[in-house]
Each structure stands twice: as C-alpha cells, then as structure tokens.
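A.B. asks: As listed in Swiss-Prot for this protein:
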- 17-27: motif ''HIGH' region' (MOTIF)
- 118-143: region 'Disordered' (REGION)
- 118-139: compositional bias 'Basic and acidic residues' (COMPBIAS)
- 246-250: motif ''KMSKS' region' (MOTIF)
- 249: ATP binding site (BINDING)
C-alpha cells in the first residue's frame, strides 16, 4: 500500500446538513469527504444539524440524516450540535459587532427595498443593498420602527480565498453588500449562525459543495470583523447527472435510504462509489475503507463536476455483494423475500437461503436481484413460469423431460458428480448439446431462464422437490404421453 499524504492531528471538519429533507446523495459525498479527511489526519469530525428553518425542519428528516450517517459508517466525534439551540450565542456575536461599530441597524422598509431593487433592475445594475442606513444615526428612524442588523462590510480592495480545491479565487469587496445578521424579529440569519458555530466548534477545515463558494466571501467578512482565524476552505464540485445537467431526482439525487431500501445497495459500495466521484487514486476503482483513510487528501479532488453513473455503481455494488459474508446477505435479503412471498420464512427456509447464498451472489448486482433470484427456492408448486421460461418449455419435447425425470429419479446419489454425469448421459442419448438439456431443466425447476448453476439448483432443491417440479411440467406437457 502506498504511503498516504502527511497527517495533521489538529484537523477539525464538520458536516452540517439542513433537516428539511433526507440525506441526499450529494450531501452523503460531502459528509464522506469530511469524515475521510478527519480520519486520515487523526483529527475530529463533527456533525451539526442546521435546523434554524423551523417551518421546514422536521424530526423525521433529522432522524433520517442520523440514520443515513450511521448506515454509511460515518461516525462523528462528540455530541451532535443543533444550530437552533445556539441562537442566543449567534445574537450575542451580532450585538458585539454592533457595539464595535462593525454592524449597524437598518430601518429600511420592505417597500423602500423593493423600490431600490426595481430602480437597480431598470438601470441594469446588480441587485444589492445600497447601504442607505450604513452611516445614519438610528435616532433618525421613527420611534419603535422595526429594524434588521447588517454587517458593515468592507467596501475597498478585494478578498482572495486560497481554496484547497479551487485554488486562488478573488472577489472585489465592492461587489459584496451589507448582509443581514439579525432579522427584524431578532432571529439570527443562516450566514451568521454558520460562522459562529464553525468558530465555536473549532472547525478549521470547511469542505463543502462549490455552490457555497460565493457565501464564503460574505462569511469571511464576519470572521474578519470578529478578528477570528478563518478556517481553510475546500469547495468541491457538485455531482451532475449522466447528461451533464445538475443532479436531480431523475438522475439519482435521492436520499441514501432510497439506495438502501429501494435499490438494494450496500453502504460500502455507496461510499466507494461516492469517493470516486471527484477523487481518484490512480486507476484504483475498488477502494477499501482502510485504503480510503490512508490515501485521502484534498489535492486529488478534481475541479470539474463528476457525472453520476448508475451502471458503474451497480458494478461496484456487485463486487461488494460477491465479497460480503453469506450470513449478512441472508439477513439483508430475508425481508425482501418475505415481502414478495407475503409470508415469513421458516427456520428451515432461512437455512436454505443461507446455503444458497454462495451460488446466488455471483449473479446479483443488488439485494433486489439477490432476493429475486432466490425466490425459486420457496415458491409453491406448480411454479409460475416467467414468459421466457414458458417459451423454453413449449419448445422442448415432453420426451426429453421424461428422459430427464427417469434418469434423475433412478440416481442413487444426489451430488454434483452424479448429476453432471446423468445430464451428460441424457444429452448424449438425445443427441443434444449440454445447454439444450440444461436450459429446459432450469426452466422446469426454477420457472426462470436465469439461476445459479443447474447442478447447484438441483442440490439446493433436493431430489424429491426437483423430481416433483419435473412431474408438474410433465403433467402439463402436451407432447408427453
């Protein structure tokens, strides 16, 4: 294993989702990058729930985010920070800035601000607050008039951000207006809360999507006004769909619970795939968690958006299914099988599923396929045939099935060697290639055209069940007398 980049144990990162929805796949990648950077350095990874939007934030979404993080194996250090609970501290910082003359009260009414924006639109000017209360005395406002608190942003010069992914990015300070810190009802804004929380939590590396890049320059204004040390920033490109458009639900911008529950992916496959979306280590596609922790750094994160590719995710998931422990897969597949069968599996059937797992998993790319491919073991006779399997049997003479039934029925031993010899004998007797014998037999025994190897199928079903299923098809075959 190649040596990873140098380590810095003082690193503190954070993942700060808003609980207005589930943990979507883009957020999961952001969490993963923060977690890996902290774990690589032997530092701290913290979780903050940004629940200041009291209308849209829900307990269900908070629970889903925490559940998603745990499922992905992204453990955090210390207690979860809930942003809403820290509102008094955010207000305290705004009051400090007011006292220091680095923030001011703005009494502009909604009507005045709308007229200002309309004039800016008419003149084709950028729409931003014009600072009309920046240098006015609050005594000029009507008594008891509502106000917001705004940051007195720097107006001269420019700000350069040394971004760990994007490189140097420079913005003229005149392009940044005096943003609101406290609303007219006294509640702190998101922009203020984020800066205060990052500072108080000791966060010194902010790794987030590049859609936050513009916010960073505004947040740096608060940091400078408070004379705080700024964290290092790394703005990672967003994930796009396969067509190059911004990732949406039709591309796969869903919550991680959909990938787990609906699509049947394993968490290690999701993490491996998300890691490779925007970060690379040579030509390595399959990267274990241990390797990811050892190798991860921000210098290998690309600047271009990555494209979400379900096919690649399926292939990676197939790899992890093949590598997974049989008992673990059995436990994961069991509820899916029971849901389809609309009944629970007995202890004997569960043991059969476990016994079948080594033969089932090489052909499955997700847990749904694994469950689907195992159903033949538990379906009641006579089997419902898939359309392709029914056609296969329609095109097979009843005499071939009869020869198979007799040959298999006469076998004294029911093992791979005996079964293989028996099928070869039937193929020779009927002057057919092995596949022409195995395919209709598979259809008769499983009701499908895809299954584990035919000898594995017969051993799993056992002699009695295999012969009974053949008898069912023989009784339906018009060419069998």
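Just so it is clear, glycine is given a Cβ too, placed from its N, Cα and C backbone atoms.
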A.B. asks: Summarise the model confidence on the motif ''HIGH' region' (17-27) as a single mean pLDDT, whole number.
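C.D. replies: For the motif ''HIGH' region' (17-27), the model's average pLDDT rounds to 92.
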A.B. asks: By DSSP assignment, list the helix, strand and coil residue numbers for the region 'Disordered' (118-143), in that order.
C.D. replies: 8 helix, 0 strand, 18 coil
A.B. asks: Work out, from DSSP, the number of helix, strand and coil residues along the motif ''HIGH' region' (17-27).
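C.D. replies: Reading the DSSP string over the motif ''HIGH' region' (17-27) gives 3 helix, 1 strand, 7 coil.
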